[in-house]
Amino acid sequence: MKRAQLARERLDGHPWTPYLFAAPVGIYLLLFQFYPLIQQFYMSFTATDLLTPTVNPFVGMENYSFLIEDGELWKVLSVTAIYTVACVVFAIGVGLGSALLLDSPFIGRSLARALITIPWAAPSVAVALIFTWIFNSQYGIFNRALTELGLQLGGENWLDNASLALPAILLTTVWQIFPFSSVVILAALQGVPQELKEAAVIDGADRLNIFKTATWPTIQPTVLMLTLFVTIWSLRRFDLIWLMTQGGPIGATNTMVIELYRQGFVYRDLGTAASIGMIGLSIALLVTVIYFKVTQMTEQAQGKR
Amino acid sequence: MRTSRQLEHMRVLAVLLMLGFAAFPIYWMFVTSMTPSSELFASSPRLLPAWSQLSIYAEIFNTIPVATWLKNSFLVAAGTTVLSILLAVFPAYALSRFRFAGLAVLGFALFATQMLPEAMLVVPLYSIFGDLNLLNTIPGLVLANTAFVVPVITWIIKGAIDSIPFEIEEAARVDGCSRLDIVLGIVIPLVAPTLAAAAVISFFHGWNEYVFAQTLVSSENLRTASVGLASFVGELSTPIHSVMAVGVIYTLPAIIFYLFAQRYVVAGMTAGSVKG
């Protein structure tokens, strides 16, 4: 089939067609993504001031060794790791829960399915603004509700407290992105074979077992793919965190991208900013490689079964 | 029997909680915008909007350049949509239908862009745009946003093209149609719903974008709504209900538009992604 198709492409007489089709986007991405990326790569080996970006003396590995010796990087890495893992767990967990709910029949289901996507449609800047107000220590509805419920936590200054700022940012992030996982998992749930479910019911399986034997194997590749995307997006999320806490207090929400921006635009050190970017990019690449290995392994395992 | 009814009640409760969680912050932004200053800091919060405050929405257009901000956001979003769709259709077709050297490279390159934070590319883009005289222009923002949107929608459109049977194209080829004719005359009409989804996604990206709008544009009259709204963060002279009103004006059109379009978006996105 593939060979026949290949032959047809030759018969078509235009071996250049695929390249012509791909060229505009290729040139575009080369110019606006990969050329800047290479510049950043070079920049990471220089000492460059934001105010004189064209003057960039080469300093070798100095930026990297500074980052490694300076304790701050490890804190940034651990904040990033906690934030990313928590985003994956909660956004996909809540997404899965809501998708299962929306998959079962009830009156008004299509309306519910539409309404649940509201957070996803809201612009990040507006989300940051409203959640900053919701988390306001004195007048925010969040603390008022907590106090009303008689909880000790009421009255806390969520975004100014080093141990509460990250949970607050996480709640905001999960609110904004869980609809995406929900919608994608819901679509995957439509592919669960009905016979498999029915067979499990006949075997006397309870809900959990039905989920394990029929539902999970079908949606597992989708959940894996979501894990990859939520991870990568969390590694690069900027607007929400920057506008709500600027990475503070005392670095409690200082993820890699925030630190990158701070180094570049607050401390004017473009070299160090670029090297943080390169480290972040390597992590994202590593995650991607692991994802493809895991998908390959599960596909092989399923093939053997 | 009774337990299944209880289960039903629990399910309804869970759905309502979930919808409440999803909708509350937006509702709260609206309520805050419709709360008189005197009540904002009262000991018990107002939970329903004060409709007498509706005039705030006329007021802010006089006191804050909201109209300009929205216009700029619209131009950026519309430009990003048009350019992204134009750029994405042909590579999507190539990824779906051709086997060529460089296919894997193109596929990976498109995916890799998802890993690049905007904040990282701001500095080099600033100097490139400076050379091209695109700093401080709407087209500059369109170009910057498109670079991040095109990869996403190319994959989505590719997924839709994958599901078109080869036979349809073969028949056209026998009739002597060129590849260009096939893409324009057959493929595009067939993937129209996905193109609509891609357009919505592009539009949202442009409408919501903040980092580039903040850094690549400096003049006041080219400010987008995201930058305008962000300028209120940490600023105390503008009353909070005015700020929230601007937030509502910026957010609500996006949500309403999205609620109408979401059927297409969901169908279009999942057409490609489910198959993996």
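Cβ coordinates come from backbone N, Cα and C, glycine included.
TrEMBL lists B:70-261 with the feature domain 'ABC transmembrane type-1'.
Taken from TrEMBL, the feature transmembrane segment covers B:12-30 (among others).
Taken from TrEMBL, the feature transmembrane segment applies to B:74-96 (among others).
Residues or ranges marked as transmembrane segment in TrEMBL: B:103-129 (among others).
Taken from TrEMBL, the feature transmembrane segment covers B:141-161 (among others).
Annotation comment: TrEMBL describes B:182-204 (among others) as transmembrane segment.
If you look up TrEMBL, you'll see B:240-261 (among others) marked as transmembrane segment. Within its own chain, the transmembrane segment (B:240-261) is flanked in space by residues 26, 29-30, 32-37, 40, 53, 56-57, 59-60, 63-64, 66, 69-70, 73, 196-197, 200, 203-204, 207-208, 225-226, 228-229, 232, which lie at least six positions past its ends and keep a Cβ under 8 Å from the stretch.
Remote same-chain residues near the transmembrane segment (B:103-129) are listed as 91, 94-95, 135, 140, 143-144, 147-148, 150-152, 154-155, 211-212, 215-216 (criterion: CB distance under 8 Å, separation of at least six residues from the stretch ends).
A Cβ distance under 8 Å defines the sequence-distant neighbours of the transmembrane segment (B:182-204), meaning residues of its chain 6+ beyond its ends; these are 77-78, 80-81, 84-85, 88-90, 93, 146, 149, 152-153, 156-157, 159-161, 164, 168-169, 172-173, 254, 257-258, 261, 264-269, 271-272.
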